[in-house]
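TrEMBL annotations:
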DOMAIN    2-375  domain 'Amino acid transporter transmembrane'
TRANSMEM  20-43  transmembrane segment
TRANSMEM  76-95  transmembrane segment
TRANSMEM  115-132  transmembrane segment
TRANSMEM  144-166  transmembrane segment
TRANSMEM  178-198  transmembrane segment
TRANSMEM  210-233  transmembrane segment
TRANSMEM  253-281  transmembrane segment
TRANSMEM  293-313  transmembrane segment
TRANSMEM  319-339  transmembrane segment
TRANSMEM  359-379  transmembrane segment
Amino acid sequence: LQGIFVLGLPYALLHSGYSGLFLIILAAALCCYTGKILIACLYEENEDGQLIRVRDTYEDIANACCKKLSPKLGGIVVNVTQVMELIMTCILYLVASGNLLSHSFPYVPVTEKTWTVIAFVTLLPCVFIKTLKIVSKLSQLCSLVHFIVILVVMTYCLTQIHQWSWAKFRLSIEFEDFLVSVGVIIFSYTSQIFLPTLEGNMKNPGEFRCMLNWTHFFACVLKTTFALTAFLTWGEETKEVITDNLPSFLQTLVNLCLLTKALLSYPLPFFAATEIVYACISRGNHSNYRSPLFALGVRGSFLVLTLLMAMFIPHFALLMGLTGSVTGAAMTFLLPSLFHLKLKWKKLSFLEKCADISVFILGFLCSLAGIVCSIKGLLEVFE
């Protein structure tokens, strides 16, 4: 919930003004709500009225909803969407790495795409990751680096408090820019694909709802504070990746920290995506598809795919907005509300049904508009 993509939030405020602050809060509330209803879909009441966990994954929920049409249709849709989001996340880490390296060493006569390739080379060992043990250790280091970066940026912004002016905020906004900002903000909150596994591994799953409330509350406070202080510091000069606004003596240090964070963050979504694909392919009785060599081929193919995509779409905020609009909205708003309505319709109150339907409609409209505007923005950049 508090990853590298918070660096795009000040840029989102630049294009959304006061409404952006409201969106950060609204997105936190909606994502917290859809997280709860998604987990509710894992449970069914037994004859004694007790809730029993009868499903384990997002895929199981989707299959339960679509079993009358096709036993595996829902799972296929969810898996494809999950893989798209995870791969897009990997691509974003590569794009960010190239951007950070180019700004850290501006005097080196190397293009941003070349820096992206250099960052990619350091990620080649990812093809040999077979378990989450290594990934978890990398993630611990990643969290430490993240807090250092946020602390440095916030401290610098507070030293410039004498230059702050609320007049920098827009009252009128461009509709298309606003919709791209919606995608950026949504993507910074997406965590639903990890929630079923997280809840299933909790020592006391009964505390899940309380945990979700507190984590989203603190994430909202941190995101709002960070985005607001950064935007008030730089105003109209706010860049796509906020660390590019820092003075040179801080920028190199922070950018190298962020580069470390981006590279350490890459293995988790990469591992999750390749495991989903490998599990789907090897689910049958084909022994050839369960060999270590085949698994290595799958991971290698995905690694190369992320590099190629990062080379062709080297625009951090626009790509994040597109990802948030496509997969983020689907996994965070559309599918949880749709599945909840399908599985719990008879037990839901009128207000709960209205809430789910409202979330679905809002998610659909934001997703559709965000897709159109993000693609249009990317086309304009290429032209």
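Every residue, even glycine, has its Cβ placed from backbone N, Cα and C.
When each of 76-95, 178-198, 253-281 is scored by its Cβ pairs under 8 Å to the transmembrane segment (115-132), the top-ranked stretch turns out to be 253-281.
Counting Cβ pairs under 8 Å that are 6 or more residues apart, the transmembrane segment (76-95) and the transmembrane segment (210-233) reach fewer than 3 and are not in contact. Segment contact holds for the transmembrane segment (253-281) and the transmembrane segment (293-313), given three or more CB pairs below 8 angstroms at sequence separation of 6 or more.
The list of residues near the transmembrane segment (144-166) in space but at least 6 beyond its ends in sequence, with Cβ under 8 angstroms from a Cβ of it, reads 2-4, 6, 222, 225-226, 229-230, 232-233, 235, 242-243, 246-247, 250, 253-254, 257-258, 260-261, 264.
Long-range contacts of the transmembrane segment (20-43) within the same chain: residues 9, 12-13, 51-56, 58, 60-61, 64, 181-182, 185-186, 188-192, 195-196, 199-200, 208-209, 212-213, 216-217, 219-220, 223-224, 227-228, 332-333, 336-337, 339-340, 343-344, 355-356, 359, 362, each at least 6 residues beyond the stretch ends and with a Cβ under 8 Å from a Cβ of the stretch.
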